């Protein structure tokens with residue numbers, strides 16, 4: 001009997017693990033249910049470019065210019081006039097109550113100023129959440145200027161405005177600014193991280209907690225076989241989840257696949273292995289399933305916030321960016337967004353993939369080292 | 001040949017000395033009872049002998065293999081049954097057994113599994129989850145599973161804690177059958193009736209070997225003398241007896257009182273006042289194992305503190 005590694009013993013571990021997985025309905029549901037529910041829920045719910053924001057209108061003028069400006073604002077889809085014909089103070093009360101995000105005030109001399117080339121509408125925004133109002137506020141001046149200009153065009157006696165700026169903006173990779181294109185690839189990483197780290201860490205801690213680990217170690221199963229027996233089944237789980245999320249992303253959200261699928265799958269595989277090893281490492285520290293769960297969440301939250309999934313990575317201060325580097329998710333997001341949306345090739349994402357390999361290597365050593373120690 | 005021959009086994013967990021200088025010899029084919037108070041390091045000693053733990057100090061051989069260097073070989077030829085049921089409760093009886101058969105590379109798996117199920121009498125319940133079994137059946141399943149690979153040495157850690165007397169008797173019958181086939185068995189236990197079923201008893205208290213030998217040897221070596229008192233209202237005499245130096249232990253057994261001491265003359269003197277009471281019978285009795293163990297324990301409490 002070979003002492004260090006035997007396929008037969010690994011096979012025994014694998015069969016046992018798959019039977020347990022199949023029998024544990026909740027885990028099984030978690031494997032497939034969580035990815036789908038999260039994808040659909042967040043995919044449809046999260047929007048970084050919110051439209052149809054409730055707006056109060058204080059129109060102190062009624063002329064072709066102001067009508068054109070109001071229609072243009074509404075057509076932009078950013079503004080939805082939910083309250084009209086208000087006095088300025090009524091409108092402000094609505095904003096304080098949180099019923100409206102914007103108050104648009106058209107002054108009585110709007111037409112006069114517009115003809116003079118200085119349309120002077122006032123837009124007050126509830127900027128408590130900068131992300132909610134940002135895009136709408138940024139686009140409003142242009143919308144109003146264009147609306148005014150189009151009315152003027154119809155009246156040739158007026159002096160036409162000249163184009164004041166020649167800056168050209170190209171929104172690349174996601175010209176329509178569809179949030180899902182950014183969110184769904186990110187969700188793939190987040191879902192994999194949550195389920196795989198937790199399931200692996202719990203699965204091994206359960207053996208320690210129930211005392212089966214002692215028995216397993218007293219039988220001729222080596223730490224390496226036990227580890228492979230735990231890691232490989234979750235690799236399969238990860239593969240299923242990846243397939244589910246990618247397929248659903250394609251069908252439900254029409255996420256573009258610009259890049260090389262092999263490169264994408266390869267990067268995902270490295271990421272998945274890193275996550276499973278992380279879960280394994282957690283389980284060598286945690287004594288109970290509860291602790292394993294807590295440690296998983298302790299890790300999960302900062303990685304969610306600092307990886308660039310929720311908030312722009314480039315917008316964080318330097319120290320936070322450095323901190324973000326210690327999460328595999330950060331590197332994975334770079335790869336998956338670059339490959340899926342920008343069609344990046346290997347040379348463009350290799351540094352992030354190498355970083356993922358470093359996680360695998362370090363976690364493998366840590367996990368095996370810690371595990372050896374738990375024998376004694 | 002000795003199945004177990006270890007000297008000076010020592011194990012620390014951090015600062016705490018758990019096993020102190022334990023030496024043990026177990027002849028092949030013997031059933032040896034491994035006794036000692038709670039926390040005296042029995043489980044840790046057994047874990048060291050089956051290759052689960054590496055001793056900090058000490059050396060020895062198990063089944064002729066070096067305790068330090070050949071731990072993997074020892075593991076494959078030793079059966080170890082843990083104190084707590086440690087097979088998979090979410091696997092069926094059959095799946096548990098096939099798992100063990102695969103781990104030990106017992107081919108063909110199906111044949112080994114079915115044979116074991118038959119022997120257990122669980123063939124019809126093979127598809128039942130192990131977690132649904134009663135305590136006694138779990139114990140039998142665990143024993144069957146850890147003897148499936150026909151180990152030469154079987155280590156049992158308090159095997160019948162929480163099991164009813166009938167199941168316990170069945171369990172011990174099986175142990176004796178296995179020993180008759182040549183298996184060496186080391187059992188740690190607290191139960192006197194279990195200890196009495198062993199060929200030999202070893203008593204270890206906080207690292208010190210206090211007794212070693214057959215049941216009779218151990219009782220004799222303790223040098224205790226015992227009287228049984230029967231009669232009404234015996235409780236009233238306990239304080240006076242306790243105060244007497246000639247009496248070491250007083251233990252109520254149902255309606256009787258066991259009074260034990262090391263010095264026969266002093267013990268007799270202590271019981272003298274009771275002879276006036278006509279309704280109290282005083283008879284010399286055989287010292288039992290429990291009296292001996294209680295003596296060991298009270299002698300070694302100082303060590304604990």
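Glycine is treated like the rest: Cβ placed from N, Cα and C.
Sequence-remote contacts of a segment are chain residues at least 6 beyond its ends whose Cβ falls under 8 Å from one of its Cβ atoms, and for the transmembrane segment (A:26-46) they are 179-180, 183-184, 187, 190-191, 194-195, 199, 237, 240-241, 244-245, 248-249, 252-253. Per TrEMBL, transmembrane segment is recorded for A:26-46 (among others).
The domain 'ABC transmembrane type-2' annotation in TrEMBL covers A:145-374.
The transmembrane segment annotation in TrEMBL covers A:183-204 (among others).
Under the heading transmembrane segment, TrEMBL lists A:231-255 (among others). If you look at the transmembrane segment (A:231-255), the same-chain residues 6 or more away from its ends with a CB under 8 A from one of its CBs are 14, 17-18, 21, 31-32, 35-36, 39-40, 43, 180-181, 184-185, 187-188, 191-192, 195-196, 199-200, 203, 265, 268, 272-273, 275-277, 279-280, 340.
Among the features that TrEMBL reports, transmembrane segment is placed at A:261-283 (among others).
According to TrEMBL, the feature transmembrane segment maps to A:295-314 (among others).
Feature annotation from TrEMBL assigns transmembrane segment to A:349-368 (among others).
The stretch in A:183-204, A:261-283, A:295-314 that contributes the largest number of Cβ pairs under 8 Å to the transmembrane segment (A:349-368) is A:261-283.
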